[in-house]
Structure formats: C-alpha cells, structure tokens
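Student: Have a look at the structure that comes next, please.
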Amino acid sequence: MIGAHMWSALKHPGFRWLFTSSFVSIAGSKIHRVALLFVAYQETQNALWVSLILGSQFVASAVLGPLLGPLVDRYDRRALMVIADLARAFLVACIPLFAMNTMPLLMLIAFCMAALEALHYSASQSAIPEMVPESSLDAANGLMTFVVRFADVAFVALAGVLVANVGPAPAFWIDATSYLVSAALLTLLPPLQGKGSRGNYFASVTAGLQSLWQNPVLSRTVGTLAIAAAFGSVEAALGIVYAVGALKIGVQGFGVLEALMAGGAILGLFVTMPLIKRFSRETVFLMGLGLWGVFMTSIGLFPHPLWAGVAMLVLGLLNTMFIVPARSIIQLAAPSEVRGRVMAAFGATMQSAVLMGTFLAGVLEPRIGVLAVLSLSGVAVSLTVFTVWLRGGIPHPVRQEQAG
C-alpha cells in the first residue's frame, strides 16, 4: 500500500517522462563522475587537479545557478532541459576526443557541465508542481530522490569496475549517450512555458533571491536546511577519515558505510510518505532533520563499526525523511512566476553550504579530531532545528496553482 502510493506519481504522463529521462541521465552522470576524477588523478598523479575540478563544479553551481534562473521563468522549461542535455552530451563527448590529457580544458568542461546541470535542476524542479497534483507532490519528489540514491548504489560501483577494466573513455561515451536518450525522452513532455515577465534580466535575478529570503516559508525552510547542510556535510568530507582512522575498517569498510547510507535513503521513501500523510510536511521535515543531528552525534560518541553501520543506515533514511518534504514545501511556497529562480537560488545556497561544511571539516579535524567534529556537527544540526521549533516551526505554504 505504501509502495503503491510512492509510485502513484508515475500515473501522470508528464512526470513519468521526466522521471524516466532523469533516471537515464543521472545513471550516466554517476559513471561519468568516477571516470572524470580517475582521469584527473591518473594523468597528473596530483590530488590538486581533482580538487580544482570539484571546486570548479561547486563555483559553477553556486554562482551561475542563480544567474541562469530567470531563463527558467521566461522560457519553455522543456526546451531548456532538452538544450541542457544536448549541450552536456556534446561536452562529455569532447573529453575522450581531445580533452583527457589537458587538465585546464577538462576543468573548463567540468565547469560548463555543472552550470548546465544547475539549469536543468531548476527547470525540472520548478516543473514538477505543474505536472502532478499536490496530493502526489511528495511522491514525485520522493521518486526523484530515489533516482539519485539508486544510481549511487547501482552505478557508482559499476563505473569503478568499468573504468578499472576497460579505461575511462567508454564511461564518457556511455554518459554522452545517456544525455541524448534523456533529451529524446524530454521531447515527449508537454510544453512547460515559464510564467515570469521579461523585464531587466539582472533585476529578475535579484527578484528571485528576494523571493527566497523575504518569503517567511522559504526563508525559514531554506535557512534551516542551509545551516544544517553546512554542519552536516562534514560527514561526507570526513567519512573516509572516520572509517579508516577511527573505526579501523579500511577503504572497503568505508564503501560499505556509504552503501548503507544510500540504501537507508531508499528505505526512507517507504517511511516518509505515510508520515507526511499522518502529520504534515513541516513536522516531518523538522523531525527528520532533528533526529539526523542526533544520529550524527552518535557516530562520533560511539565509534564502533557495528553501531556506525546501523547509524549510517538510519542517517540515510532520515535524509530522505527531511529532504523530500523540504522540496515540496519550497515548490509550493514559491510563486509560479519566480519558481525557477527560487529553485536555482535554493540549489546555489545548498552548494555553498556544503562547500562551507567541507572547509569547516578540513580546518577542525586536524585540531580536535574526526570524532569531535562529527559529534559537535550533529549537535549543531539538532540545535538549529530546536531553535526553529521554538520560533514556531515552518509556516504552512499555500499552493499557487493546480497542476495542469
């Protein structure tokens, strides 16, 4: 019954094509990412280039994402997603053809890919509320989360095997093909014309940012998530240090912990939907995030491999439990004429928060140790949620329009 509700969003044809295209392109992206980082390190034997490539992707998402947001509100979102996929297919194909031995060019391609991904993300996320009724919105967002987590479990390991046995070039061709298939599937969507006005472009960028922070629902939801992400992302940065240095389980153990977290995120879909129906999106969001902080604290306080495995599974489950309702809250609260800009600004805010958390982890870990950093970060996440709850929680958004 619960599973049937989760998959119910697929009965809406528009969302079904979006889901399928996302599954194909994200699977290719996971394979591409492993191959890209492998090439960067193999060609240079220098981790600096790996960091520069990852940094260029963060900068593109955080800076260019909001600047591209007005396009999503002015033009057909279907066309923008198709263009983004075709452009990414071209860029990925350039890597095996002539960019694999040129690190600056590889970094430029990674930068452009991240900018196009940000454009595609804002277009797809702002289109979902127009494809499904509000009763199916959480299921739709849950399925989009499922795509990412399933790809983490299934295709990252496949990419490692592929690159190790036949080299990185086939991985790039697989990704380029996935974008072409995704673009073809997206042409089956109905037109998704943006509803924003076409005034001054940079004034439109500012208007999107203002909507994000002046709307009480958006500002409190995104602000809570951003602060939590800044502290919570230290787990992603220090996961390998925790597994190898604190738990003494090696790189293989680290892989098991990551797989448990991804598996927990998939299981979380079956927990989140009935909880939202029983309580509310706002309650489930804060409850999931607050508990996430508690379990984050526990992995630092009780560094035992068995408990770490249990906690990682629960952390993955709780991640789904707060991110799915959060996306629905933001989509419903954003006025339709600025929704693309709001989603772009939301994505940029989260990328910036993760970058801050990664920097925080690098600064604190040598000084106080990985266990203390994890414990204190978990406490900070729970305190953030508790503070928001004391201030009245998250206001309930009002839907701007019904799905077409």
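Placement of Cβ uses the backbone N, Cα and C atoms for every residue, glycine included.
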Student: Under TrEMBL, which of the candidate ranges 23-42, 83-102, 283-302 is annotated transmembrane segment?
Tutor: 283-302
Student: Which bits of the chain, at least 6 residues beyond where the transmembrane segment (249-271) starts or stops, bring a Cβ under 8 A of a Cβ in it?
Tutor: 2-3, 6, 142-143, 145-146, 149-150, 152-153, 239-240, 243, 305, 308-309, 312-321, 324
Student: Against the transmembrane segment (308-330), which of these stretches has the most C-beta pairs under 8 Å: 47-68, 143-164, 283-302?
Tutor: 283-302
Student: Which of 47-68, 143-164, 222-243, 283-302 shares the most C-beta pairs under 8 angstroms with the transmembrane segment (342-364)?
Tutor: 222-243
